[in-house]
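What follows is a single structure, written as structure tokens, with notes after it.
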Amino acid sequence: PGTVTCNENEIIVEFPSYVGTKTLHASVVDPLGVEMLNCTYILDPEKLTLRVPYKACTRAVHGGYQMSIRVMNNSAALRHTDVEYQFFCPVEQTLEFSKSAACTKDFMSLSFPHIPTGLGDSTMVNESQMGWMVQAGHGPGAQTLSLEEAKGQGFGVLIDDNKMTLSVLLNATGVTHYVEGTSHLHTMFLKLSLVSPGQKMPFPSRAICLSGPVTCNATHMTLTIPEFPGKLESVSIENRNITVSQLHDQGIDVEAINGLRLHFSKTVLKTKFSEKCLHDQLYISSLKLTFNLELDTVSTVINPECPCDSPASIVSGELCTQDGFMDFEVYTHQTKPALNLDTLRVGSSSCQPVFKAQSQGLVRFRIPLNGCGTRHKFEDEKVIYENEVHALWENLPPSKISRDSEFRMTVQCYYTRDDMLLNANIKSLPPPVASVKPGPLALSLQTYPDESYQQPYRVNEYPIVKYLRQPIYMEVRVLNRNDPNIKLALDDCWATSSMDPASLPKWSIVMDGCEYSLDNYQTNFHPVGSSVTHPEHYQRFDVKTFAFVSEAQARSSLVYFHCSALICNQHYPDSPLCSVTCPGSSRHRRATGNTEEERVTASLPGPILLLPNGSSFRGVGDSKEHGMAGDVTSKTMAAVAAVAGVVATLGFISYLCKKRTMMLSH
């Protein structure tokens, strides 16, 4: 009678224009030709359409619905006609595209079950008269193409006995592209219609694809989703579905900035061996993201992997130079992302490059083998010299600096046993005249992973992560002194929330060489054994981490430690601090001192990051926290465990009372 369209909930019959609008009469009948009185249909003579719902108007058969209509036309041209027509529409859900598109670098693909060519009465339809039409996009900008036209605009169709697969290039007609940084998201609305004389069967579908690298640090993998009209409904990892409201409890945090950023804790990630990585690679298998996109549910499945770590060692050349230097070059585009050449440094020193060309993205170093923090070791027949280059990534936001924001590269060179031997004539100079003027006192304050005090934390490992009430092992030592007759006398140690030792507020941990008696978690002193040359030049103790409070509010979780000390003559102690016996009245000892000593203050090379015991960072990374927890300043973490307010108040009062000056003497 015209064109039949099978939609999701109804059948639409469009009658040809030669049927008069005033003479058209149509009704729905059962297979015996009896009108179905309980069927509610809509006949529009003006538009020459008949809309019939499946419910109560069709008969369910295998694979779909069957409907019969009777058309009566009383026009003079056709005289009186009464014709019955029968239609078949497949079940909608068996013909839908797959809900998740398969995504690759260049295209997305969808599949749905193969559609039989016998639509309606197979005896009346010639298979050669059937064809496919593709509608790409929706709204005013939608384009309807024949299958051949679609193939020329980025579409491909593969039909086998089981299913039809449609592949679409990401730059094809109807594909919408969204970008945020290096992350890309593509969406597509597609309606594939099977058209035959008098019948049209549409199969609408939406698809979404997400691509681009993830970023990883010491604690999390971060996936960026560009901003687009869809709304995230759930995340599924290996068929374990997690709703948005449950994400935080499952180790996934959501950050809504220019789209979405999903931060997956390392407890969610898996590890696998990878030939392209030095160490095991972190990844998520079958990560399914489900969105609500314009009242439709769409999903995409990806398998994100953390990028490999930077190479641990790069040999700069076979041999060190004959004049005792190591030469190497660093290019800004040597890594992805590129390096910020202004942040390059060698080891912990301030050695500068000998050549720098910003236009070429090149920096050249020439570092001495006996300076700039260069180390050496012996392996077989070689003496290997090595140093470490540090740099930040280019265009790194200031709030995102963390341990994983830094590029590290070890450079090496070596001498072999067969290298040329140099003859040197060394003349001994007369010893210098002894100076009786005391030199400046230099102190070092360091922290160690444990009470063995074997290897201190390196400068580049700060901030160091510690949890509340976990001990911090510290050591104060005298530098550049070999006199066995002197000893180090500890004065005060305290903590501040900024780098300035004189900043307020401050919290005392050692006072007058003894533990601070008003502290709930008092400092413990450790004996210095014979493992060092001059044990009297050292002071070792541990501090229990605590939450610093000021004016009843928790301070920043980044804490800076400082200590002051002086040198004593072991045989002629001339200061009360030189003969401290703890516990005792330290205030009285200081008040009775007749001499003033010059005290010297030393600070830790960097801050300590204090985390609450329940922090999600715990258990991630090295078991001794010999490293950083990542993204330190991207999210300020407030210390949670509160010390009694009276501790901060009394500590502040103590600071005001401690106005004094001491002079250094030996």
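Glycine too: its Cβ is placed from the backbone N, Cα and C atoms.
The disulfide partner of Cys413, as annotated in Swiss-Prot and taken from the candidates Cys320, Cys351, Cys493, is Cys320. Feature annotation (Swiss-Prot): of 3-25, 210-232, 348-370, 417-439, the stretch labelled region 'Disordered' is 417-439. Annotation note: Cys578 (disulfide bond) sits in a helical segment as assigned by DSSP. It is 79 Å from the Cα atom of Cys6 (disulfide bond) to that of Cys320 (disulfide bond). Less than 8 angstroms from the CB of Cys351 (disulfide bond) sit Arg345, Phe365, Ile367, Gly371, Cys372, each of them six or more residues away in the same chain. Sorted by the number of other CB atoms within 10 A, the disulfide-bonded residues Cys39, Cys413, Cys563, Cys582 start with Cys582, the lowest.
Rounded to a whole number, the distance between the Cα atoms of Thr410 (O-linked glycosylation site) and Asn217 (N-linked glycosylation site) is 20 Å. Other Cβ atoms within 10 Å of the Cβ of Cys514 (disulfide bond), summed over all protein chains shown, number 19. Computed over the topological domain 'Extracellular' (1-636), the whole-number mean pLDDT of the model equals 76. Taking the Cα of Cys568 (disulfide bond) as the reference point, the closest of the recorded positions Cys39, Asn241, Cys493 is Cys493. Put simply, Cys89 is the one of the disulfide-bonded residues Cys89, Cys493, Cys514 whose Cα lies nearest to the Cα of Cys39 (disulfide bond).
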